[in-house]
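Taken from TrEMBL, the feature domain 'AAA+ ATPase' covers 118-255, 478-639. Per TrEMBL, the feature domain 'Clp ATPase C-terminal' maps to 646-736.
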Amino acid sequence: MIDTIFTEANEVAESLLEEEISLFAVIVAISSPGVAFSFDQMKTFPVSRAELLKNQTVSGTIFSNNTPDEPSAKKKNNFLQKYCIHKNTQVKPQKEKDLLVGRDTEINKIIEILCRFNKPNVLIIGDSGVGKTAVLEGFVQKVVWQQIPELLTGLEVFELDMGAIVAGASYKGEIEDRLKNIAQELKALPKAVLIIEEIHSILGGQASDSSIANLLKSELSKGLRLIATSTIEEYTKKIEKEQGLSGMFELLRLEESDDDTHFRMLKQALADYQKHHNISIDDLTIKEAIRLSKRFMKERSLPASAIDLIDQTMASLKTAGESFLKERNYFIGKVLELRENKKLLTEKDRQLQAQWLYKDLCQKLQNLSGSESETQNEHNPIENTPTDELLDLCRSLIDRIEDIAKEKRSHITQYDLAFIISQKTNIPIGKLKEEEKQRLNDMENVLAQRVVGQDHAIAIVSEAILESRSGLNKAGQPIGSFFFLGPTGTGKTELAKSLAEFLFQDENAIIRFDMSEFKEEHSAALLYGAPPGYVGYEEGGLLVNKIRQKPYAIVLFDEIEKAHSSVFDVFLQIMDEGKLHDRLGKEGDFSNAIVLFTSNIGSEFIVQSFEKGNIPTSSELLERMSGYFRPEFLGRLTETIPFAPISKGNALKIFEIHLKKELLDLVKNINIQLEITETAKEQLSEEGYDIKYGARPLKGVIRAKLRRPLAKKIIAGEFKEGDSIIADWQEGKIVWNRKEDNNIKDNVL
């Protein structure tokens, strides 16, 4: 029991800012229910804990261990000293630091609001990284440097220490008590203002946290001056619904500035980073950082995203050289080990480890070189390079990297930034640096290599994307919104994958929704979020969550004729504004995405038109679609694209493309060389051709006639690693031939 009493007394002493446990703290601890006496026993106790704490000023005079004249006696503003940071003392002299650039309007707005007679309180809201903290620092600078109106001269600025205010809170309501005491001490000062960054973190958004909101509302009405910050999302969830509290603030929305302003901000902010890393950066590289972060780091706003990118690039360059010099002996030893272990390792294992070592060294060279010319010769295919020759290349790479590391490069380049972005996004660095205009000019040819027999569809999509990329489209809208129409198996999904690979360097950059899963109204609501009170409300909208995870993607809505009609309201918002908000207020940005819709409606008309040698016009297609889809939806589409049925001639080309993916590339992984004769290809493609189902049966033929029989023979031991096999068509069957000692051994299927 004694330990419990003194533990509680210690917490009381800390809350009263006493340096040691006083008699008063012990009495308060004893009067606390459940410490020395039970709740029932405390009913007969002559005094309560609340009464003692209420009169703590008088009691402190009687029971304090210190006399008022002693240095350790209670001082004024104890709560401000313990739970707040005095910002006036942390600003450097004006000669040592320049005034914050690019946010003069916002800072002056804060000063104007603080000069108001009624509700002199500011709530700054903005996305993460937009510069809320920087604006506050700029405001404090002006206060300390006396660049403010006479009404605010002598203003003291305190910032609430969020960690200290929460730490050690032992009973319900203690945080509120601390905040109330802080407010009282602030109001006792002639001129003072309190800053609370991320104010939503102490509001909590729960019913039990409304007491803090009520306390702040009460203190603000009594004269407390407050500057608070929050994100737009948290403001919507936790502050806006507290009408009494939000009404006490003047709202200041902080938006991203233009690129020129961001450049000025970075020029000023990066001085400290260059001094810390001892690495410099030129103006062109700063502008490239702004461009790359705007495109590939959408999770944070500028200028913070660009600063983070540059900071990480500088740190990477600084550590990469020092790390390699310490790892150099390991890499040299690895090369020697692979040279000498010819008997202990199989040739395949030696070659595989040599390839891994080579790729690892190439990556280190990329990180250190800072120039594309240094690494452009290191991307050639190495699968067929002899092991000893590959080890020679590794040894020369080690020497090159060592020379670069010893130079201790003192500046970063645009290539360094691209390398870091490549690591973050998994986009190959060569494709990041490739000129986009040149790539777009070759768009039709690149897509046609993969999507066969759909030259008309490819041409329409390419022209629309070129128009968007030229900057002539409406700002904020998706790159394009296309309606793919035609029979099954004609390449609609394949074109979507090809677009993802071409535009976003990732075939898997596709967000696909099977609209047959959204037939009912309640299931359709999952796209933009379940209503409050329903399961899944806190998770937000499925569509918004996915586009926030993959802002650079193809958004594919498959078979939209099967979806509930309410879904089309979502489509209209996406195509018109390029943005969608779920029920939690989270925003999905589709301005960097392509939106695709597919449907089988009108397939018979499309097939008949192509058989007659005519390409269906947009007006003809829209006329047939109008019976199924709303005119406002059809009118917002970039293009309506018909897909032609697959011809026999195109079936062979498609068969060869599928054959490479479904079989030839797979057997290479197990070190088997497989060749399919032209006769076999023609016969199998003809067998898999079906005008009704398009190219889909071709994969089934490859699986049934080639892959499964070959798998059985490999398992049975008829074919093994290192074999060269030829599959031929003879007498209506596939014949498997293995080359062995210049003799042909036949295996008939």
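Each residue, glycine too, has its Cβ placed from N, Cα and C.
Here the domain 'AAA+ ATPase' (118-255) is broken down by DSSP into helix, strand and coil counts: 67 helix, 23 strand, 48 coil. On the 0 to 100 pLDDT scale, the model's mean across the domain 'AAA+ ATPase' (118-255) is 84. The DSSP breakdown of the domain 'Clp ATPase C-terminal' (646-736) into helical (H, G, I), extended (E, B) and coil residues amounts to 54 helix, 17 strand, 20 coil.
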